[in-house]
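Inspection log for the structure reproduced underneath, given as C-alpha cells.
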Amino acid sequence: AASAMDWQVLTRELSLYLESQVRVGLFGSGVGLSLVLGFGVAYACYYLSSIAKKPQLVASNDRFCRFLEEYCPVVTETYYPTIWCWEGRVQTLLRPFITSRPQVQYRNELIKTADGGQISLDWFDNNDSLYYPDASTRPTVLLLPGLTGTSKESYILHMIHQSKTLGYRCVVFNNRGIAGEDLLTPRTYCAANTEDLEAVIHHVHSLHPSAPFMAAGVSMGGMLLLNYLGKTGRDTPLMAAAIFSAGWNVFESVESLEKPLNWLLFNYYLTTCLQSSISRHRQMLEKLFDMDLVMKARTVREFDKQFTSVMFGYRTIDDYYEDASPCRKLKSVGIPVLCLNSVDDVFSPGHAIPVETAKQNANVALVLTSCGGHIGFLEGIWPRKCTYMDRVFKQFVQAIFEHGNKIFSM
C-alpha cells in the first residue's frame, strides 16, 4: 500500500512538473499537456507498429538458416532504430558525425602489384590476443571500405574494435591512391575489377596459411568482394564473407542517386569526393585522361563515364555498370555469405535487391531491415557506440570462426 501511495505521489508530481514545462495556449495547461502526451503516445505507437521490425531473413538453405538463428541471433531479433532518426537519409547523413571513433594502432604495409602499382594495407595484428596468442593460427578478417573510404572510417574502426575483443587479427585493404600512398601507374580502382583484391587475398593468406580467414566488405567494398566471390566460386582461401550496404544493381543505384533530393544530399558530394581522391595524382593521371573534363563531372555517372569506365577499358558506361553489378554474379558465389541491406537505402534501393536470385544459391543469406539507410543502422537513444551493423558483424564473424564447420558441409 505504501509503495502504491508513493507511486501515486510521484506520478502526481511528475504530471505537475510536465504541466509547468509545457507552453500553454488559449486552452490552458491541461490541454497543452494532453496534446504533448497524446502526441508522444501516438508517436510511440507508430514507431512500435511501423518502424521497429524484425529483419527479413532470406536463405534457401535450412542448415544455413538454423546456423544463423543459433549463432547469429541478432539477424532474427527486432531492430529498434534510433527513435528520433530512423529515416534512411537521416541515418546515412548522421552516422559519420554521431558514431564514435575507437582508437586503433595500425601497421602499414605496401605491396607491389603485377602492373607495377602498389596497394596500402593497414594491419591490426592484435598481438595481445588472449584467445589466440599464436599469431600463425590467429583468425584474420580482411576489411574492405566503401568507395572513397580508408582504414580511418568509423565503421571500419568499429569492426576492428569488435574483432579485437574476440581476439582476431584484421587487415584493411585500401584501394590504390586513397590512403596517402602515391600512384606508381595511371590506374586507380573500380567495383568490377578484382585483380587488386585477388592479389591482397593471396598475399594475406600466404603470410598466415594456417589462420582461419574471412572478409567483410562495406558499400563498394562489398560490391567488389561479391564480384570477386562470383568470379572465384569455391576457389578462394576465404571461409566466408559478410557484406554490408552493397549496391546490387549499379543502374538502379545511380538512378536513385540522381533524384533531385538525393543528388543534393549525396550525389554531388560523393562526386566531389571522387574528384578529390584523384586530384592529388593529377600529374600521373593526365598521361591518359582529360582531367579538366573529369573535374567538371557533377554526378557519379558523369565521373564514371569520363574516368572509371575509360580507365578499365569498357566500351560504354553501361558495359561497366553491368559488369560492376553484383546481382549478376550472385548465383556463382561458392562460400557462405551474409548480406545486410536496408530497404530504405538510397544507394541500393530495396526493389533492386536480388531476393529471388539469393533464394537460388544455398551459400547466400540476405538480412533486410526496413530502416537503416546506407551504412547507418543506428540504434539506441544516443547511438555513439555500437550499431546494428556492428552487432551483425561481430556475431557472424564469431559464428564462422568458432562454429563454421556446421555449415561448410552444405
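Count begins at 1; order follows the chain as displayed.
Positions of Cβ are set from backbone N, Cα and C atoms, glycine also.
Note that TrEMBL annotation is computational and uncurated.
For reference, TrEMBL has these:
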- Ser219: active site, charge relay system (ACT_SITE)
- Asp345: active site, charge relay system (ACT_SITE)
- His374: active site, charge relay system (ACT_SITE)
- 139-380: domain 'AB hydrolase-1' (DOMAIN)
- 24-48: transmembrane segment (TRANSMEM)
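Using a 10 Å radius centred on the Cβ of His374 (active site, charge relay system) and all shown protein chains, the other Cβ atoms total 25. The most densely surrounded of the active-site residues Ser219, Asp345, judged by C-beta neighbours within 10 angstroms, is Asp345. When averaged over the domain 'AB hydrolase-1' (139-380), pLDDT in the model lands at 97. Each residue contributes its Cα atom, and for His374 (active site, charge relay system) and Ser219 (active site, charge relay system) those atoms are 8 Å apart. Between Asp345 (active site, charge relay system) and Ser219 (active site, charge relay system), the C-alpha separation comes to 11 Å.
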